[in-house]
Amino acid sequence: MLAEWGACLLLAVALLGPGLQAQAMEGVKCGGVLSAPSGNFSSPNFPRLYPYNTECSWLIVVAEGSSVLLTFHAFDLEYHDTCSFDFLEIYNGASPDKGNLLGRFCGKVPPPPFTSSWHVMSVIFHSDKHVASHGFSAGYQKDVCGGVLTGLSGVLTSPEYPNNYPNSMECHWVIRAAGPAHVKLVFVDFQVEGNEECTYDYVAVLGGPGPTRGHHYCGSTRPPTLVSLGHELQVVFKSDFNIGGRGFKAYYFSGECQEVYMAMRGNFSSPQYPSSYPNNIRCHWTIRLPPGYQVKVFFLDLDLEEPNSLTKTCDFDHLAAFDGASEEAPLLGNWCGHHLPPPVTSSHNQLLLLLHTDRSTTRRGFSVAYIGVVPMNVSCSRTDFQILISTQALAPLERTKVYLGSRSCAAQEVGGNLRIQARFDTCGTESQRRNNTSVIVSVLYIDFSAAGREDIHEYEVRCEPRRKEASVHLLSGSHWLGPYAATAEHLQEAPPMDEAEALEGPVSMVAQDTSDIVFLGLCILAGILMVIAIVVLMLL
């Protein structure tokens, strides 16, 4: 245990090293590592005037698994509208990264209490060469029960989790997003004493100020994923005088760290992209399309911390894709480093991307584009195409919005499908030579345009008539990829047959037609017999 704390303190001193050297140069002793379970600290000379040109850094480190509650007893710094002169900055973690900044403060109004989302918090005090005030005095403690949480993401646990929580506890947390953003709360473990009305031990989640619109949860069934009505979510945990449980663990996400996308196509990126993403975040992006669709994601840029050099696995910062709306869905892929992954496609209408970062080393992050893919069955003969699309996938659309080559070749509704049957000499088909093979090609259009906004999806339909093999490929032109079009030109190339079959939905494969071979053989045989007959006649 002592060795672990020693290593932790060495790490803290290394992180604070540059700040401590700067303070020594100014001749002012301040800052340091605070590792006791609780304590107090203040600006230099407090309560007298603090010195000019001073910068102090405090790193508060408590036992792992705990959190830090920071409160202020006194506060008096030079005032400025943007706190550009003298100021106090509070960071959620060890790194003074903008993404971890909980707030910058000056003037005479004390900052509110702050709770870290893990066991480390940083405080930086800065004064310039003009105007000094009395400074500040603050206190901290570990293992807090409740508090105000303001980071992009973090973890929330019951007291002493995963051990049983104490009796007669009452904890209040306020999770507050910046600006107009919402807060998302996801429970990953839950075991609280239960009864039918949750009147003994419970977790209550309130969507706004006051005890209104609240939901109470108890027992061992995890609560559903909850999203705030506004920019704030309140969580209350209460236990009675007997019978406990393991408690709960939940992740919260806010702002650009949690989004739900429901448009047919779009782009998004990691927080602060293309600048470095913050440390210690866990972000969710959910793509949710109407039933019947699949989601295809293209990676336009990826720059994360490199894999573990020993295990060669993504043990540190990583981006994961799940085939559904939660982390319990099948994993489609897990990536780190800077090599672009291939596109991934969901099997149904939802896909989740998760970004996890640790306490050190940040990079540029990622940028992706996605599009809703319509599963379809395409087959062909030596003379025509047949395309079948389930009406469930295109329920909001009229059949005339689905057409091959031109609007005159619109789909017909047959049973539960939209069907297009088109000869190779109609509907904009053309013959091309690809990989020394003759193929017939046309373009299938699905028009989602509405309210004056054009949105037409294009699929290349391809047939090799001699083998009666058909395939379909998503055509993604650069017009929908925004500023990343130059990096996504490869999307316009059709994938090989097996990739198209795996990623673009079912493709009908028909056995090779041997009638042409038989016909050619008969012609050759007839020619040989004719030559033999002529020779015999000449000999006679």
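Note: Cβ is positioned from N, Cα and C throughout, glycine not excepted.
Feature annotation from Swiss-Prot assigns disulfide bond to C30-C56 (among others); the stated evidence is sequence analysis.
With a cut-off of 8 Å between CB atoms and residues at least 6 apart in sequence, the same chain places L77, E78, Y79, H80, C83, F85, D86, F87, L88 near C106 (disulfide bond), listed in sequence order. Sequence annotations record features per position, and here Swiss-Prot assigns disulfide bond to C83-C106 (among others) based on sequence analysis.
Positions annotated as disulfide bond by Swiss-Prot, on the basis of sequence analysis: C145-C171 (among others). Sequence-distant contacts of C145 (disulfide bond), defined by Cβ-Cβ distance under 8 angstroms and a gap of at least six in the same chain, are P159, M169, E170, C171, F237.
The disulfide bond annotation in Swiss-Prot covers C198-C218 (among others). Cβ neighbour count for C218 (disulfide bond): 23 (other Cβ atoms within 10 Å of its Cβ, all protein chains included).
Of all Cβ atoms in the protein chains displayed, 25 besides its own lie within 10 Å of the Cβ of C257 (disulfide bond). A helical conformation is recorded for C257 (disulfide bond) in the three-state DSSP classification. Per Swiss-Prot, disulfide bond is recorded for C257-C283 (among others).
When other Cβ atoms within 10 Å of the Cβ of C336 (disulfide bond) are tallied across all protein chains shown, the result is 22. In three-state terms derived from DSSP, C336 (disulfide bond) belongs to neither a helical nor a strand segment and is classed as coil. Swiss-Prot lists C314-C336 (among others) with the feature disulfide bond, giving sequence analysis as the kind of evidence.
The average pLDDT for the domain 'CUB 1' (30-143) in the predicted structure is 90. Sequence annotations record features per position, and here Swiss-Prot assigns domain 'CUB 1' to 30-143 based on sequence analysis.
Residues or ranges marked as domain 'CUB 2' in Swiss-Prot (evidence: sequence analysis): 145-255.
Sequence annotations record features per position, and here Swiss-Prot assigns domain 'CUB 3' to 257-373 based on sequence analysis.
Taken residue by residue with DSSP, N40 (N-linked glycosylation site) is part of a strand. Within 10 Å of the C-beta of N40 (N-linked glycosylation site) we count 11 further C-beta atoms, all protein chains included. What Swiss-Prot records for N40 (among others) is N-linked glycosylation site, and it gives sequence analysis as the kind of evidence.
The N-linked glycosylation site feature in Swiss-Prot is assigned to N267 (among others). The secondary structure of N267 (N-linked glycosylation site), as reduced to three states from DSSP, is extended strand.
The feature N-linked glycosylation site is assigned by Swiss-Prot to N377 (among others), with sequence analysis given as support. Packing around N377 (N-linked glycosylation site) is summarised by its Cβ count: 17 other Cβ atoms lie within 10 angstroms of its Cβ, all protein chains included.
Secondary structure at N435 (N-linked glycosylation site), taken from DSSP and collapsed to helix, strand or coil, is coil. Its own atom aside, the Cβ of N435 (N-linked glycosylation site) has 6 Cβ atoms within 10 angstroms in the protein chains shown. Among the features that Swiss-Prot reports, N-linked glycosylation site is placed at N435 (among others), with the record citing sequence analysis.
Annotated N-linked glycosylation site per Swiss-Prot: N436 (among others), in sequence order.
What Swiss-Prot records for 23-516 is topological domain 'Extracellular'.
Taken from Swiss-Prot, the feature transmembrane segment covers 517-537.
Rounded to a whole number, the C-alpha distance linking N377 (N-linked glycosylation site) with C257 (disulfide bond) is 37 angstrom. Rounded to a whole number, the distance between the Cα atoms of C283 (disulfide bond) and C30 (disulfide bond) is 36 Å. For the pair C56 (disulfide bond) and C257 (disulfide bond), the Cα-Cα distance reads 30 Å.
In the three-state DSSP classification, C198 (disulfide bond) falls within coil.
The recorded positions shown are C198, C314, C336, N435, N436; of these, the one with its CA atom nearest the CA of N267 (N-linked glycosylation site) is C336.
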